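> This is the structure I want to talk about, given as structure tokens.
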Amino acid sequence: MPAQISSEDQQLSTKIAERLKRDEAGLVAAVVQQFDSKEVLMLGWMDDEALRRTLRSGRVTFFSRSRQEYWRKGDTSGHIQMVKAVALDCDGDALLISVDQHGPACHTGTRSCFDGRALPAFVEPVFVEPVA
């Protein structure tokens, strides 16, 4: 006889789902960060099912906006992301996924999707008078 799967195993916990503020496509931004160095590795998107899979498996699963399908980081490349912690931001519209990244995180082969992509920015200093 096959094992019985509870409805809770098939859905994201109601306590978590109620706290998420999704965009019009039902997605939440997921910032992925190396757990020990705090290096920002990439940004992906998750719906409830991608988050449920991530929390249950310990490997990061995203929802591809362009392909409209789930993908688990590293299944093709071998560059897996092992989950260390997941946090929800104060507004409930973004996740911070702390991982142990094995190999490059970016599909271009770089460690981070943000490597060498700094935009030129200049902010002029502003003097603020101290309050007496």
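Cβ from N, Cα, C; glycine included.
The Mg(2+) binding site annotation in Swiss-Prot covers ASP89, ASP91, ASP93. Swiss-Prot lists CYS90, CYS106, CYS113 with the feature Zn(2+) binding site, giving sequence analysis as the kind of evidence.
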> Which ones in the same chain are close to ASP89 (Mg(2+) binding site), with CB under 8 Å and 6+ residues apart in sequence?
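Expected: LEU95, LEU96.
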> Within its own chain, what residues at least 6 apart in sequence put their Cβ under 8 Å from the Cβ of ASP91 (Mg(2+) binding site), listed in sequence order?
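In sequence order, the residues whose Cβ lies under 8 Å from that of ASP91 (Mg(2+) binding site) (at least 6 apart) are LYS21.
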> Out of CYS90, CYS106, which of the binding-site residues has the smallest number of neighbouring Cβ atoms within 10 Å?
CYS90
> In the structure shown, which of the binding-site residues ASP93, CYS113 has the fewest other Cβ atoms within 10 Å?
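ASP93, out of the binding-site residues ASP93, CYS113, has the fewest neighbouring Cβ atoms within 10 Å.
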> How long is the line from the C-alpha of CYS106 (Zn(2+) binding site) to the C-alpha of ASP93 (Mg(2+) binding site), rounded to the nearest angstrom?
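One finds 23 Å between the Cα atoms of these residues.
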